[in-house]
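Participant: Below, the features straight out of Swiss-Prot:
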| type | residues | note |
| --- | --- | --- |
| BINDING | Asp117 | Zn(2+) binding site |
| DISULFID | Cys77-Cys129 | disulfide bond |
| DISULFID | Cys103-Cys118 | disulfide bond |
| DISULFID | Cys104-Cys114 | disulfide bond |
| DISULFID | Cys152-Cys172 | disulfide bond |
| DISULFID | Cys164-Cys177 | disulfide bond |
| DISULFID | Cys209-Cys215 | disulfide bond |
| DISULFID | Cys334-Cys337 | disulfide bond |
| DISULFID | Cys364-Cys418 | disulfide bond |
| DISULFID | Cys383-Cys395 | disulfide bond |
| DISULFID | Cys425-Cys438 | disulfide bond |
| DISULFID | Cys550-Cys557 | disulfide bond |
| CARBOHYD | Asn43 | N-linked glycosylation site |
| CARBOHYD | Asn199 | N-linked glycosylation site |
| CARBOHYD | Asn211 | N-linked glycosylation site |
| CARBOHYD | Asn324 | N-linked glycosylation site |
| CARBOHYD | Asn356 | N-linked glycosylation site |
| CARBOHYD | Asn363 | N-linked glycosylation site |
| CARBOHYD | Asn396 | N-linked glycosylation site |
| CARBOHYD | Asn400 | N-linked glycosylation site |
| CARBOHYD | Asn432 | N-linked glycosylation site |
| MOTIF | 334-337 | motif 'CXXC' |
Amino acid sequence: MESTTLSKPFKNQVNPWGPLIVLLILGRVNPVALGNSPHQVFNLSWEVTNEDRETVWAITGNHPLWTWWPDLTPDLCMLALHGPSYWGLEYQAPFSPPPGPPCCSGSSGSTPGCSRDCEEPLTSYTPRCNTAWNRLKLSKVTHAHNEGFYVCPGPHRPRWARSCGGPESFYCASWGCETTGRASWKPSSSWDYITVSNNLTSGQATPVCKNNTWCNSLTIRFTSLGKQATSWVTGHWWGLRLYVSGHDPGLIFGIRLKITDSGPRVPIGPNPVLSDQRPPSQPRSPPHSNSTPTETPLTLPEPPPAGVENRLLNLVKGAYQALNLTSPDRTQECWLCLVSGPPYYEGVAVLGTYSNHTSAPANCSVALQHKLTLSEVTGQGLCVGAVPKTHQALCNTTQNTSGGSYYLAAPAGTIWACNTGLTPCLSTTVLNLTTDYCVLVELWPRVTYHSPSYVYHQFERRGKYKREPVSLTLALLLGGLTMGGIAAGIGTGTTALVATQQLQAAVHDDLKEVEKSITNLEKSLTSLSEVVLQNRRGLDLLFLKEGGLCAALKEECCFYADHTGVVRDSMAKLRERLNQRQKLFESGQGWFERLFNGSPWFTTLISTIMGPLIVLLLILLLGPCILNRLVQFVKDRISVVQALVLTQQYHQLKSIDPEEMESRE
């Protein structure tokens with residue numbers, strides 16, 4: 001832009017089609033698709049870059065994504081590093097002290113080699129950044145009423161701003177492109193992402209410049225639309241030009257967000273979902289040696305990552321420890337079973353006292369990388385946020401967050417179950433900006449408890465239950481222990497809570513593996529990840545079953561436990577217990593029952609020929625009697641027939657009484 005009287009307006013030009021175009025653009029913007037919990041804390045760095053994309057100023061903090069919008073205060077000369085030659089910083093390195101000697105009138109006094117021209121009248125030459133005197137002139141220009149600077153947006157501008165040009169004109173090829181700055185016409189915009197102004201007043205900047213330091217600090221603030229944008233990771237660009245007589249010098253600067261803890265790296269190669277199917281680690285005894293031991297420094301090797309078997313066995317062992325110390329009568333002899341189908345975990349809503357933190361605690365940065373859903377929550381506990389009516393039955397107490405930015409950390413042994421997933425701590429900024437809600441829960445693995453009689457009957461097949469027995473899960477047996485155990489005054493209070501730490505550690509490790517499986521499946525086959533995930537735990541349990549570590553009971557993988565602990569080789573223990581029951585059963589049988597139990601083929605043979613033998617014996621025993629009866633019956637009928645035949649062939653003579661004849665005579 002050349003300096004002419006008519007070419008420099010005193011107000012911003014407004015495009016009447018601007019609002020409509022902005023709405024269309026916003027309708028097409030897609031937010032960054034991150035699978036993290038919105039409450040997870042990341043290490044965020046807002047960076048201001050020069051034209052070469054070098055970071056010249058940065059500010060870092062630990063906050064949830066899209067909740068931290070600090071004021072950026074880079075120096076104007078820092079933005080000109082490696083810029084056009086008229087700034088005088090072509091060879092200046094980022095984050096280095098400013099070049100040139102200080103002014104002799106500075107607070108440090110007259111030093112050798114100081115510049116005495118700082119007291120001379122300001123000239124009309126182009127202000128530069130290579131000396132303290134030039135930086136002082138630049139400060140006067142940026143604060144002058146009839147001068148100043150203006151800023152034009154880069155590629156994120158709307159389509160109607162095509163006439164604004166590109167980097168060669170610092171995106172300010174025509175008037176009306178400027179959206180912010182410090183100039184007499186007060187440029188502004190309703191759609192740009194930032195506003196830029198001076199950070200220091202003219203009176204504050206003058207002594208700073210004379211002491212040979214960076215003295216042209218700017219204040220960059222995010223607008224409401226800028227806070228809604230989620231494309232800061234790739235960065236946005238602006239052009240800045242000074243408003244002076246003659247040619248307006250300019251520079252290019254950018255703003256970007258750097259997330260240093262954005263989650264696991266994307267693997268290259270085969271799907272790593274089943275890469276951890278390692279056999280369980282067995283304790284090894286040290287080799288025997290007759291040599292004299294020599295003193296060597298003790299070095300502890302790092303433990304290898306737990307395989308599937310170790311991870312699941314630790315889950316069962318933790319469940320046993322917690323159950324044994326709270327209900328020892330239940331662990332005289334029992335079977336603890338892992339289910340192969342989801343849900344793998346269930347929550348119990350509890351009341352607890354969370355802690356407030358003005359800065360993000362350490363556990364806020366280690367949240368799960370994927371939004372894990374807790375599909376089964378029971379009980380009533382503490383709720384935070386806008387809880388819908390469908391979930392208010394889980395709330396015994398509901399607390400609303402007040403204004404301000406702070407963090408709510410869940411008590412030890414608990415976790416926040418939110419509609420956005422599981423998280424160890426909450427950001428009130430996220431809760432106030434959204435309609436999220438969370439319930440404080442204890443997390444229990446879905447481990448079912450079975451009595452030994454039920455398990456043995458299932459394998460012996462001697463009898464059938466008329467109805468399925470009630471499955472007791474760990475949540476039913478131990479629910480509320482973490483927050484309610486001590487308050488209720490149970491006898492095992494402190495000891496039981498200490499025992500739950502092992503279970504919590506196992507739960508944490510297993511949840512990380514489940515989350516890793518979801519992430520890997522999502523990256524490899526998004527459409528099938530939900531289906532394949534249901535088979536993941538089934539595959540894990542299949543490895544345990546094939547290795548003889550557990551007994552398969554319907555859809556469960558069961559581990560034998562008694563007061564000695566969880567038996568690792570559960571299949572061998574099952575065979576041993578079944579053999580014992582078989583011997584006990586046989587000892588109470590007679591010789592006839594033992595005869596049938598001795599040989600399977602003999603039992604089959606007897607059952608096959610028993611019917612024909614019984615029929616033959618009945619014929620031999622009852623046949624003669626029946627035959628005699630039949631013969632006698634036939635003879636009687638023949639005699640009757642013969643009598644009838646004789647009666648038909650002969651007639652009986654009529655007898656005459658002699659006395660009757662004499663009387664007639």
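Along the chain as shown, residues are numbered 1 onward.
Just so you know, glycine gets a Cβ as well, placed from its N, Cα and C.
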Participant: For Cys438 (disulfide bond), what is the tally of other C-beta atoms lying within 10 angstroms of its C-beta?
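Facilitator: Cys438 (disulfide bond): 24 neighbouring Cβ atoms within 10 Å.
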Participant: Nearest of the recorded positions to Cys118 (disulfide bond) by CA-CA distance, picking from Cys77, Cys172, Cys364, Asn396?
Facilitator: Cys77
Participant: Is any of the recorded positions Cys209, Asn211, Asn324, Cys337 within 10 Å of Cys550 (disulfide bond) (Cα-Cα), and if so, which, in sequence order?
Facilitator: Cys337
Participant: Round to a whole number and give the Cα-to-Cα distance in Å for the pair Asn199 (N-linked glycosylation site) and Cys215 (disulfide bond).
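Facilitator: Their Cα atoms are separated by 10 Å.
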Participant: Taking the Cα of Cys114 (disulfide bond) as the centre, which of the recorded positions listed as Asn43, Cys177, Asn324, Asn363, Asn400, Cys438 lie within 10 Å of it?
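Facilitator: So the list reads none.
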Participant: For Cys152 (disulfide bond), which residues of its chain lie six or more apart in sequence with Cβ-Cβ distance below 8 Å?
Facilitator: Cys164, Phe170, Tyr171, Cys172, Cys177, Glu178, Thr179, Trp238, Gly239, Leu240, Arg241
Participant: Among the disulfide-bonded residues listed here, Cys114, Cys118, Cys215, which has the most company in the form of other Cβ atoms within 10 Å of its Cβ?
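Facilitator: For the disulfide-bonded residues Cys114, Cys118, Cys215, the Cβ with the most other Cβ atoms within 10 Å is Cys215.
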Participant: Determine, from DSSP, whether Cys209 (disulfide bond) sits in helix, strand or coil.
Facilitator: helix
Participant: May I ask which residues of the same chain, at least 6 positions away in sequence, place their Cβ under 8 angstroms from the Cβ of Asn396 (N-linked glycosylation site)?
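Facilitator: Listed in sequence order, they are Ala349, Leu351, Gln380, Gly381, Leu382.
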Participant: Using a Cβ-Cβ cut-off under 8 angstroms and a sequence gap of six or more, which residues of the chain neighbour Cys383 (disulfide bond)?
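Facilitator: In sequence order, the residues whose Cβ lies under 8 Å from that of Cys383 (disulfide bond) (at least 6 apart) are His391, Gln392, Leu394, Cys395, Thr397, Thr398, Gln399, Tyr437, Cys438, Val439, Leu440.
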Participant: Provide, as an integer number of angstrom, the distance between the C-alpha atoms of Cys77 (disulfide bond) and Asn432 (N-linked glycosylation site).
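Facilitator: The Cα atom of Cys77 (disulfide bond) is 38 Å away from the Cα atom of Asn432 (N-linked glycosylation site).
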Participant: Could you give the Cα-Cα distance between Cys334 (disulfide bond) and Asn324 (N-linked glycosylation site), in whole Å?
Facilitator: 11
